[in-house]
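Engineer: The substrate binding site annotation in TrEMBL covers His215, His323. Positions annotated as divalent metal cation 1 binding site by TrEMBL: Asp235, Asp246, Glu428. For Asp246, His315, Glu428, the entry in TrEMBL reads divalent metal cation 2 binding site. Here TrEMBL flags 22-33 as compositional bias 'Polar residues'. Residues annotated as compositional bias 'Acidic residues' in TrEMBL: 38-49. According to TrEMBL, the feature compositional bias 'Basic residues' maps to 65-78. Taken from TrEMBL, the feature region 'Disordered' covers 1-99.
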Amino acid sequence: MTAVSHEDGMADAGINGEGKAPQSNGATSTNGASGEIEPGDSDDDEADEGETKQSGAGGGEGEGKKKKKRKPRKKKKAGASSAANGASGGGAKAQSAPPRIPVAQLFPESSYPVGEEVEYKGENAYRTTSEEKRHLDRMNSDFLTEYRQAAEVHREVRKYAKSVIKPGMTLTEIAELIEDGTRHLTGHMGLEEGDNILGGVAFPTGLSLNHCAAHYTPNAGNKMVLQKEDVMKVDFGVHVNGRIVDSAFTVAFDPQYDNLLAAVKDATNTGIRAAGIDARMGEIGEAIQEAMESYEATINGTTYPVKAIRNLNGHTITQYSIHGGSAGKSVPITFGSTGKGLVRDDMETSHYARLPDAPKVALRVASAKKLLQSIDKNFGSLPFCRRYLDRLGHDKYLLGLNNLVQSGIVQDYPPLCDVKGSFTAQYEHTILLRPNVKEVISRGDDY
């Protein structure tokens, strides 16, 4: 995660953790639902009582024996109804299971829940009350709406995913249920040319098992099955107009992994507290490492120190770029491991991305030219995987894809793994470094 911000906008950064649930534009919430009655409306119970009294009092003489008719119950306005999806805001309704209702329909006034807002401290404390900084923040209302919409999609999709992921499911089933939910809730199925660039899946769903820490998603034909003894990192992204929300959690069914997960959560929240505009990168990394490495985990009878993975970094995010900002300005140590704490490329590659600053190269392979046109039209600089190309109807594209990689136009991202037999965990959040406040945009009831 980087802690770089711009006064004319906001920087967003990915880092791992858990904490408070989001609020809906400052409104209080119970289980994420507003519960407030809009002006001019009344609660159902109060309305029924008032209407019954009126019916009994309005009969006049000689009508006392008549059966009193009860008026139909008034319907609450959408903003007054409780949201079964755990979110709140103007017009919130219940989400379906599996999630299929676009969040824009649940929040018709675009009043999406606000993430966890944290005031700046120390030298930046003045930003909280500075009218100039508040004005800069108000100028970014559209920017914030898009981010909060993407964050709400992430919360609702992961809530459902957590409730149904279980041993015996294939990794392909898990990836597709997350990606299908993301596409439906953003309203962008990604099958029409250019639709995925407007919104939807921001990058391939990472489902990395055990010693594999990141960048693993199943390719077509993958039959890998989730086992009870596995530790799986679930890392997926949602974007609206290129505003990417990147957040991850770890699934483990055996309680012997609890300390490993707790170490990573603690380190993540430590990093979130330390992050901020002009924060020193080394100090953030030191705080994360100290928190994580204060834990031990006993697995299968052996006690392991939990190590921070030294060569996996947090990162900045810019519009349509999951790894944006200044290269190298990243805080290390955002994953925990019982292994060496060092990852290397391993296993079959599935993740790819078009390099925005790629050199202009004359392509001599016809399939590479055709594939590049499709990548530009459907993904732009957003990462993609081979399953996404299959979904668009491409076949026999591996020669062309490899040619694009060799030409330096497309970058491949192999899975990143520690030593076999080790276990790795990850929690991640996206933070907006706004001019006057720090917002953990992807925060939810779960982490």
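Using N, Cα and C of the backbone, Cβ positions are placed for all residues, glycine too.
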Engineer: Among the binding-site residues Asp235, His315, Glu428, whose Cα is within 10 A of the Cα of His323 (substrate binding site)?
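Structural biologist: Checking Cα-Cα distances against His323 (substrate binding site), the binding-site residues within 10 Å turn out to be His315.
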Engineer: Are there residues of the same chain, six or more positions away from Asp235 (divalent metal cation 1 binding site), whose CB falls under 8 angstroms from its CB, and which are they?
Structural biologist: Thr205, Gly206, Ser208, Ala214, Asp246, Ser247, Ala248, Gln426, Glu428
Engineer: In the structure shown, which of the binding-site residues His215, His315, His323 has the fewest other Cβ atoms within 10 Å?
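Structural biologist: Comparing Cβ neighbour counts within 10 Å for the binding-site residues His215, His315, His323 gives His323.
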Engineer: So for Asp246 (divalent metal cation 1 binding site), how many other CB atoms are inside 10 Å of its CB?
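Structural biologist: For Asp246 (divalent metal cation 1 binding site), the 10 Å Cβ neighbour count is 27.
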Engineer: How many Å lie between the Cα of His215 (substrate binding site) and the Cα of His315 (divalent metal cation 2 binding site)?
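Structural biologist: Pair distance, Cα basis, whole Å: 15 Å.
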